[in-house]
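Colleague: Below are the structure tokens for one structure; questions will follow.
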Amino acid sequence: MRIISVNQMNEADRRTSEFGLSGASLMDAAGRACAEMVHNTWPDGRVIVLCGQGNNGGDGFVAYRYLEQLGRQVSLFLIGDVGDLSGDAEGAAELVLDDIQAASVLLDKSENDSFELSEGDVVVDAMLGAGNSRPLEGEFLQLVQLINATKAHVLSIDVPTGVRGDTGALSSEAICADITVTFNALKTAHVIESAASLCGAISVVDVGISEETLAYVGDEIFLNRPDVWADKLPWPTRSTHKHQRGSLGVVAGEAGKTGAARLAARAGLRVGAGLVTLLGHASAIPEMAASSLAVMTKDYADIDELYLLSASQSGLVFGPAAGVTEGTRFKVASLLQTGVPIVLDADALTVFKDDPSFLFGLLHEKCVLTPHEGEFESLFPGLLAEVGNKINATRTAANIAGCVVVLKGADSVIASPDGAARVNVHGSPFLATAGSGDVLAGMIGSWMAQGVSAYDSASASVWIHGEASLSGGAGLISEDLMDYFPRILTRIYEEIRPSNVLWERKIEFST
Ligand SMILES: NC(=O)C1=CN([C@@H]2O[C@H](COP(=O)(O)OP(=O)(O)OC[C@H]3O[C@@H](n4cnc5c(N)ncnc54)[C@H](OP(=O)(O)O)[C@@H]3O)[C@@H](O)[C@H]2O)[C@@H](O)CC1
Ligand SMILES: Nc1ncnc2c1ncn2[C@@H]1O[C@H](COP(=O)(O)OP(=O)(O)O)[C@@H](O)[C@H]1O
Ligand SMILES: [K+]
């Protein structure tokens, strides 16, 4: 599923009208899909369609017409004057002209209080769509406030009114929808907070804009789902031995602070690295060894020994609870010199707050940086605010760093230095718990240790991490996450394995 900008969608619309379906046909398909969605989701209740003057309103006029045909009790309101409608919206309005009422009726109780919205009513929000360009005011603002204050169901067409399609930001106040129906591709607002949460459940409907057209106008930005990386994951064959499954080294913090590294190591083992080793100072070895059974431990006396131990791994993780110290900076530099694929997280990022360009000079293409927003701000000060769009800010960061950057959160963006990005919305807020980022770092390191590209390692890990959190539900703590991995991994494998490949060897005897 592609994520594209409003301008790119307008261009896709234009190209489709030129080479394929007319704008009116696209609008008809869009409005019809919304009417059907309303009817299927809420088969009973009064429906109120609120239209603005742009094409979003046009979709609303069409939806109204189909809802009537479906036998629904439905009313139609326009914010603005019929005479100001133009283009396809004007065409759509002409078919229902006699039914259009002024939106002021809804706002003026003395004029007609039968339109007071109540529980069980369904509002179709076709006020403003992708063309919303400024803060809401006047009747738009009043209607948004009125709708949000009721318990009526709301279906927003394309984006909830008040949401800016391209940023995930709200213009001021915005509709809180139960369902948002959009067309052929997602926009930033559907996946990036805070707008994304206001969309409710999102339904992407095919109105006739082809994948070729979207690929032509769009960038390589996709929703992060198994279909984009599942076939890139390595699976053992029947004869695989552990030395063929990669060796992950997790560099631990000092004694008493090794929990974060142990979480990463255990996650790395679960994700499939054949060997996982915790690398630490001698003083930290007893606590690590005592709590890690299959994970090995090795101690290093100085940075040269750390270099040698790290250079023999096929993947590395460093940063969780490493300490914001000069020593951490030296270790990062040394680990990067090995050229081994590496995840840098937490303190290994923060420690470069004062001179991020020094870090950027050391990074290579097999690195993954996994900052949360605070750590991102340390490395790329002001970038998020300047770009104003989390997806593009992360793409810019990946370009500056020259490696994959994962900007974590409820909407995690995984960006590759070549401009491609994947946005992950799959996960539960119970991931907001200490140590869940450490688990993620270990997972990414493990896939890289097994030979998966930095970009696919990060993408797969973020999704599986999210899936595990959904399996865990409420009360999840980071230690629990790993317990869900076997079932999730087995399911992914079952879906993509060739039909003649089985882990279990079946031999039947017949007489
Ligand atoms: N593939 C596609 O693309 C398809 C797209 N389709 C549909 O088209 C929609 C996009 O249409 P659109 O461009 O006409 O935008 P839309 O939001 O309806 O209106 C803009 C108007 O509102 C005004 N306005 C803006 N902000 C405002 C504010 N805060 N307060 C008040 N007014 C404000 C603005 O005025 P201006 O800012 O120019 O002065 C302009 O007059 C899209 O969301 C989808 O539903 C489908 O039909 C099928 C396929
Ligand atoms: N509200 C949320 N919804 C989904 N995922 C979340 C949410 N909050 C945090 N996460 C995820 O949880 C992890 C937290 O990582 P991080 O902030 O580094 O925590 P820690 O340092 O404690 O391990 C990230 O993968 C992030 O994407
Ligand atoms: K809308």
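Using N, Cα and C of the backbone, Cβ positions are placed for all residues, glycine too.
For reference, TrEMBL lists these features for the protein:
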| type | residues | note |
| --- | --- | --- |
| BINDING | 55-59, 129-135, Asp158, Ala260, His372, Asp438 | (6S)-NADPHX binding site |
| BINDING | Asn56, Asp125, Thr161 | K(+) binding site |
| BINDING | Lys408, Gly409, Ala410, Asp411, Ser412, Gly437 | AMP binding site |
| DOMAIN | 9-215 | domain 'YjeF N-terminal' |
| DOMAIN | 225-492 | domain 'YjeF C-terminal' |
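Structural setting of the listed features?
Modeller: For Gly57 ((6S)-NADPHX binding site), applying a Cβ distance below 8 Å and a minimum sequence separation of six or more within one chain yields Cys51, Leu78, Ile79, Leu85, Ala89, Ala93, Ala126, Met127.
Secondary structure from DSSP puts Asn56 (K(+) binding site) in a helix. Within the same chain, residues at least six positions away from Asn56 (K(+) binding site) with a Cβ under 8 Å of its Cβ are Ala126, Met127, Leu128, Gly129, Ala130, Gly131, Ile157, Asp158.
Listed in sequence order, the residues of the same chain lying 6 or more apart from Asp411 (AMP binding site) and placing their CB within less than 8 Å of its CB are Gly168, Val191, Ile192, Glu193, Ala196, Lys390, Val423, Asn424, Val425.
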Colleague: Where does Gly437 (AMP binding site) sit in the DSSP three-state scheme?
Modeller: helix
Colleague: I'd like to know which of these binding-site residues, Asn55, Thr161, Ser412, is least surrounded, judged by other CB atoms within 10 A.
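Modeller: Output over binding-site residues Asn55, Thr161, Ser412: least Cβ neighbours within 10 Å is Asn55.
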Colleague: Rounded to an integer, what is the Cα-Cα distance in Å between His372 ((6S)-NADPHX binding site) and Asp125 (K(+) binding site)?
Modeller: 34
Colleague: Just going by other Cβ atoms within 10 Å, which of the binding-site residues Ala130, Ala410 has the emptiest spot?
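Modeller: Among the binding-site residues Ala130, Ala410, the sparsest Cβ neighbourhood within 10 Å belongs to Ala410.
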Colleague: List the Cα distance (Å, whole number) between Thr161 (K(+) binding site) and Gly437 (AMP binding site).
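Modeller: Rounded to a whole number, the Cα-Cα distance is 34 Å.
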Colleague: Using C-alpha atoms only, work out the spacing between Gly409 (AMP binding site) and Asp59 ((6S)-NADPHX binding site) and round it to an integer in Å.
Modeller: 33
Colleague: Check each residue in the chain of Asp125 (K(+) binding site) that is at least six apart in sequence and keep those whose C-beta is under 8 Å from its C-beta; list them in sequence order.
Modeller: Leu50, Ile147, Val154, Leu155, Ser156, Ile157, Pro160, Thr161, Ile175, Ala177
Colleague: Of the binding-site residues Lys408, Ser412, Gly437, which one has its Cα closest to the Cα of Asp59 ((6S)-NADPHX binding site)?
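Modeller: Spatially nearest to Asp59 ((6S)-NADPHX binding site) by Cα position is Ser412.
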